[in-house]
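S.K.: Sequence annotations record features per position, and here TrEMBL assigns domain 'Helicase MOV-10 Ig-like' to 12-129. Annotated domain 'Helicase MOV-10 helical' per TrEMBL: 180-245, in sequence order. Taken from TrEMBL, the feature domain 'Helicase MOV-10-like beta-barrel' covers 246-333. Positions annotated as domain 'DNA2/NAM7 helicase helicase' by TrEMBL: 385-478, 498-568. Positions annotated as domain 'DNA2/NAM7 helicase-like C-terminal' by TrEMBL: 652-734.
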Amino acid sequence: MRSSVAALYLPRSVFISDKSGVRVSSELQIEDGMIQLFVEKAEICELKLFVENTGQDAVYFTYYTALHWLQFEPNLLLSLSFLKGEKYEVTLRFKAEQIGVYPATLAFEFKENTQPATRPFHIVRFIQAEYRSELAALLGPEAPFRPKRLETYEPARCNIDEGVPPESFARNLLKFVVPLDNYTRPSYISDLAEVLKGTIVTVPLVCLVVFRSLLESDLGFHNYKERFDLLLYLEEDQMRLDIKRYNKDDVSMVKDCENKRLLVLELPGVSENRPSVLRGDHLLLTKSEEVQLSTVTKYKGYVHRVELDQVKLGFSRRLLDGFIDNMKFRVEFTVNRLPLKLQHRAVHMAVQHELRDVLFPVGSRSVTPESPPALRLFDQKLDKNPEQKNAVCNIVAGTSKPAPYLVFGPPGTGKTVTIVEAIKQVKLNIPGAYILACAPSNSAADQLCEKLITSEHVDARKIYRVYASSRNPKDILKKNSNVEGNTIIFPCKEDLMSYKILVSTLVTAGRLVSGGFPIGHFSHIFVDEAGHAVEPEAIISVAGLLNAETGQLVLAGDPKQLGPILRSPFAIRYGLGLSLLERLMTQNELYQKGTTGYDNRYVTKLLRNYRSHPSILKIPNEMFYDGELVACADEMISHQYCMWEHLPKSVEKIRKAIKLHRELKSFLGIEELKVGSVEEFQGQERKVIIVSTVRSDKKHIILDETFNIGFLKNEKRFNVAVTRAKSLLIMVGNPIILRTDATWGRFINYCIEEEGYTGYDISNLEETDAVVERLLALNIREEIIGKTWL
C-alpha cells in the first residue's frame, strides 16, 4: 500500500495543474500548488478558494475532499454543472490553539460529462496554515530563500599573482624526510561523478565503468589504496563545488589601519566556519571589471588573521600599489588540501608497510592468551566499574594484538576516562613504552592532554602536546606543549622522541610521519573519538608509525553516534563515511556480539552511564544499546529538575517571557547559552538541553518514507541529540511530521505515556491507513499512469 501512495505523490505537477478549462484559485497567492496562510492570534481565520470554468464547454463538479492528517468535516458530494464562466466558492476555516504548522490537502474532482464510464480528473491544492508567535514573525526571513546560482564562467586564461604569506608563528626544527606528494585530483573525477548521477557524459566510459566497479566492490586490503584514493577524490570534487557557494561578487576591501600591507575583507559567517578560513589559507580575488575578460589576473591573498567577521589578507606589491579603498573584487574560496594529501599518503603507506593484520584482523597471534594482569588503578572509581577496568587490563595485556583493541563507549559511560587510565597503566607497566594519543579534533585532543597532565600519577614533563602551525598561539593551551610565548615550535625528531606521551590531532600526527619517526617507536597508538574520523584520516597516525608485529592500536568511540561529516553523496554511498571503528564493529567477526556478549580480548562495551536521568536514557538505551546501559548518574544532578514547578507549563511560560522581552539578548540570559548543531554538541553534556526540530521541511509532507524530513531521518543524529542532557531534555517539534519517522514516533509515544508531552493534541492525528484509503478511493493512480492531463 505504501508504494501505491508514494506513486500518487511523485508527479506533483499532474495534480496541481488546472485542467480542461477548470481553474482553482484563491484570494492568496498560489505557488507550486501551495497556499500559505499565516496567523498570529488564536482566532478563526477564513480562506476562500474559487472553482471556475474558463473553458468553452460545460464540466461537472462532482466531489471534493480533504486529504490530510487532521480531523475534518465529511466529504462533500456534488453534482454541479459548470457552464462557461461560472464560479463556485469554497470557504475554509482555520483555528488552532497551539503554535505550529498545520498542513492540509484539498482534492477537487470533475467530469467532462455525466456518463458512468467517463474518467474523472482531479485538481489538488496544498494548504499550509502557520500559527506563529510574534517572535517567530519578527525572526522570519526578510525575503524568500533563493538558492545561489553557481558561477559557471571560467576565463580562457588565468594568471595567478602570488600573495604574501603570514610570518610563521612556528619555528620548525623537525626536518621533513618522508615526502608528501600532491595527489592531484584527476580530471576524470568530475566525469565519474556525472556517471554516478546517471548523467550522460561525452567522455569514453570504459575507464569510468571500471572505477564504478571498484567503488561497488567490497573493501579489502587488495584494493585498499585504490578505493580510498577514488573516494577521497570524489569528496574533494564535491568540496570544490560546495565552496563555490561562498564566492562573492562586487565585494570591497579596505587597508588595515594597523598594518597598511594588509587588506581587510568583511566575511559574515567566517567566525562560524561558514566557510572555514584559517591562518595561512589563501583566497583568490579578481577585480570586478575584469571578471568577464578572456584573460584575467587572480590575486592570491593569504590569510594573516581571522577576527570575528573579517579576515586580513596579504597580497603582492603589484595589487597594493594600485589599491584604493572600497575597490570591488570577486572573491573565490579554495579548499585546504593538506588533510586530503595526508589521507592519500596514509592509505598508500598502509599498504606499503603491510598493515593487513591491523586493518583486516583475523585474530590474536597468542594461541593461549594470558589472563589480563591484576592492576592497581590510579582512578579508584574505575575499580567499581568492571567494564572500564576490564578494558584497561586487556589493553595493557595486549590481548588483541596485532588486531586493534576497541573501547565501545556509549554516551556518558566514561570512554575518555578509560583511555586516560589505560595510557597511564601502559606507561607504568610496560618498560620502554612510548605512546601517541590522538583525536580528530583539537578540543578532543586538548581534553585528553588536560586529563593526563593533571593526574598526580604521571610525570607531566613526559607529556607533550603537539599543535599545528596553523593554530594561533593566543588561543591554545601552552602548558606541556610546543608553544613558547607567541611561537609554535616543532622540536627536532630526537627531542620529540624523548617524550613518553605525545598528544596531537590525527592530521598533525602526519608531521611525525613526515619527520621520519622510526616505525615502531610508538608501542601504543590511541585514537579517541575514532568514530568521528574517516578511515584514511584515522590511519594518518598509524601508517608509517605503527609496527604491525609489535605495536598496539586502540580505538575508542561509539559507532551508534554521528560519524564523519562528508560532502559528497557518492563518497557517502560507497563507504567513506564508515569510520574504521564502525567498519571493524560491523564487518569483522572478531568484534561481533555473540550470545554471551562481546569478546573482551578485542572489544569492551562500557555500560554504566554517569550522565543522564534514567528517563532521558531509556529510549536511546533500548533502541541503540540493547537495553544494557545502567543509569549511574549522581542523583543530585540528574534529578535536579524533577520537581520543577514550571515543567508542565514551560511552553506557556517561555511564550509569555518572549512577549516581555523584545530584545533576544535579554531573554532568559540568552547570551550565556550555547547554540549549535547536533554535530557541535557531540561529545559534550549540559544540565539542560533544548532540541529544536522545527526546521524540518513541511512542503513535502506525504504518507511514508518519501516524507522529506531532512536531518530527522538519521538515527545517529537522534541518538546524539537526546543523550546530551543530564537533568532535563526539552524537545520542540511538529508531531505531525515527527511521528512519520519510527524513531521519533517511538520517542513521542514514550513522552505521552510518561505525561511528558504538551502542545498539539496528538489524538487529532488520523491513522495512516484511513488517509491511504481515501487517497486510493479517488482512483487517481490511473490519472498518473495515463498522464491524461499533462
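Glycine is no exception: its Cβ is also placed from the backbone N, Cα and C atoms.
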S.K.: How does the domain 'Helicase MOV-10 Ig-like' (12-129) divide up by DSSP, counting helix, then strand, then coil residues?
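M.R.: Summed over the domain 'Helicase MOV-10 Ig-like' (12-129), the classes give 5 helix, 67 strand, 46 coil.
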S.K.: Within the domain 'DNA2/NAM7 helicase helicase' (385-478), how many residues are helix, strand or coil going by DSSP?
M.R.: 45 helix, 12 strand, 37 coil
S.K.: I'm checking region-level scores; what's the whole-number mean pLDDT for the domain 'Helicase MOV-10 Ig-like' (12-129)?
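M.R.: So the average pLDDT across the domain 'Helicase MOV-10 Ig-like' (12-129) works out to 80.
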S.K.: Going by DSSP assignments with H, G and I as helix and E and B as strand, what are the residue counts for the domain 'Helicase MOV-10 helical' (180-245)?
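M.R.: So the domain 'Helicase MOV-10 helical' (180-245) is made up of 46 helix, 0 strand, 20 coil.
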